[in-house]
Amino acid sequence: MKPRTADKIATGVIVTFSSIIVAVLLGLLGFILFRGLSHISWSFLTSVPQTIRAGGGIGPQLFNSLFLLVLTLIITIPLGLGAGIYMAEYAKPGKITSSIRLVVEVLSSFPSIVVGLFGLLLIVNTFGFGFSLFSGALVLTIFNLPLMVRVTEQAFRGVPKEQKEAGLALGLSKWKIIVSILLPVAIPNLVTGTVLAAGRVFGEAAALLFTAGMSTPRLDFTNWNPLSPTSPINPFRPAETLAVHIWKINSEGLAPDAMAIAAGASAVLVILVLIFNLTARWLGRVLYQAFTASKVIK
Amino acid sequence: MMQTTFRTENLSVFYGKYEAVKGIDMNFPEQSVTALIGPSGCGKSTFLRSLNRMNDDIAGSRITGKIWIDGEDINAPGTDVIELRQKIGMVWQRPNPFYKSIYDNIAFGPKYHGIKDRRKLDEIVESSLRKAALWDEVKDRLKQSALSLSGGQQQRLCIARALSVNPRILLLDEPASALDPVSTAKVEELIIDLKKELSIVIVTHNMQQAARISDYTAYFYLGSVVEHDKTDIIFTNPTNTNTQEYISGRFG
């Protein structure tokens, strides 16, 4: 076969494969939006769900998903950044470092149902946090840490080592170099990692069944005391997220419009992920530009 | 007689068991340029990097012997390496400006070392850039990214950055080998200009460059200094045949 022909065939195969992936994604997205969009309205987004009657909304679940995202990121980002920076900049190559890396990788392949049960036994029962947003956030952190650590490590390793040397030669401390020279350059990759972690938070259901719970107390959105059981911002209350809600009404929903609600909620979830994704990337770009005085990423 | 502020005494650098630099005694007189030449892998860059302890971070590297600056051994246990590196600037083969604006590249070091006054920082930025012969080219675009500069400009920016913390010594590791001839000429002019204020040690593979800009030349081979003398002596009348063969381009 002529090299030119081989090249054409290879190109064709690759293009076909990518087209299949894009087609599947677009098809799925289109399907979800097509089925769900018509059901989305302001009252659907803000009102509480109904058990038997039609016309229920997803207000509390929507809020729960967003609040759980915030809580999870508050725990995940510092831990992931810290461990990732340690792996990239402090850990000496050797047995301990590679065993840490192995543990992190194994952690990422745990089935979510197992991690959920683990959370139920340890966090919910033994530690007594009960079915709560906090328990859910901890379990999601277990999922997200491997990703966050790995992304952080790679983001920092990806900065040319000449940058670090230049800092050292100027008499900067290691910490100063990490914070002021490496971190700004690593930001776009860290944002990507955070976006992926966030996707997991929005989408996870199995592990949250056992930790954040399947119910939401009657929330009083005028009550902002974080310790009150009816306050929306109390992290120690049970909280059904959007993904869990979709699963629940699909499998045991009694309301006559359960299917429509599930479709609407799915569409909302997809749009939510999309919005978060775009916002995070925009923010990452703004930060990168501010720190590096540049106009373009990479 | 010139006052000697900077010298090494029986300095060896090991990577694990391998002795990359073997017991070197060398003086770096003030206000002069010392060129380190020799074939690749002869230990000259390792030697240079040990002078501001850049090898500290390399796992398995070890140093014996002494490096004296103003009568102090820089590897002595109590030495503050951060303070030490302010005295010794360094510039590499590939320009490595920070991913920051031109202004911030220069102001970063002084700011970190305690200068907060905006006007003073402005002065440092201007004087450093002037010393590096870059001011006129960038004075209207100080807020732009340093990466928007050309390679030669970036290298001069790196020199300006090194000068911003007022070093006494400047270490240059093949500073012009990645540059075009015009930029190279500018960097060479700059080096000759700068030696009025500091001692300069430069590693170079370019014999003409060593001959043009240095006052002293040391020829490295297999981790040892074969010959170290005034540059015109090394280039016109070397005592060692190995040196002569290298500088005349017969090997290396």
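Just so it is clear, glycine is given a Cβ too, placed from its N, Cα and C backbone atoms.
Those TrEMBL annotations? Automatic predictions, nothing curated.
Residues or ranges marked as transmembrane segment by TrEMBL: A:12-34 (among others). Long-range contacts of the transmembrane segment (A:12-34) within the same chain: residues 263, 266-267, 270-271, each at least 6 residues beyond the stretch ends and with a Cβ under 8 Å from a Cβ of the stretch.
What TrEMBL lists as domain 'ABC transmembrane type-1' is A:62-280.
The annotation transmembrane segment is assigned in TrEMBL to A:66-88 (among others).
Per TrEMBL, the feature transmembrane segment maps to A:100-123 (among others).
The feature transmembrane segment is assigned by TrEMBL to A:129-147 (among others). Residues of the same chain lying 6 or more positions beyond the ends of the transmembrane segment (A:129-147) and with a Cβ under 8 Å from any Cβ of it are 64, 67-68, 71-72, 74-76, 79-80, 83, 104-105, 107-108, 110, 112, 115-116, 118-119, 123, 193, 196-197, 200-201, 204, 207-208, 211-213, 215, 234-239, 241.
Same-chain residues lying 6+ beyond the ends of the transmembrane segment (A:258-278) with a Cβ under 8 Å from its Cβ atoms: 29, 32-33, 35-37, 39-40, 44-45, 49, 56, 58, 61-62, 65-66, 69, 195, 198-199, 202-203, 242-243, 245-246, 249-250. What TrEMBL lists as transmembrane segment is A:258-278 (among others).
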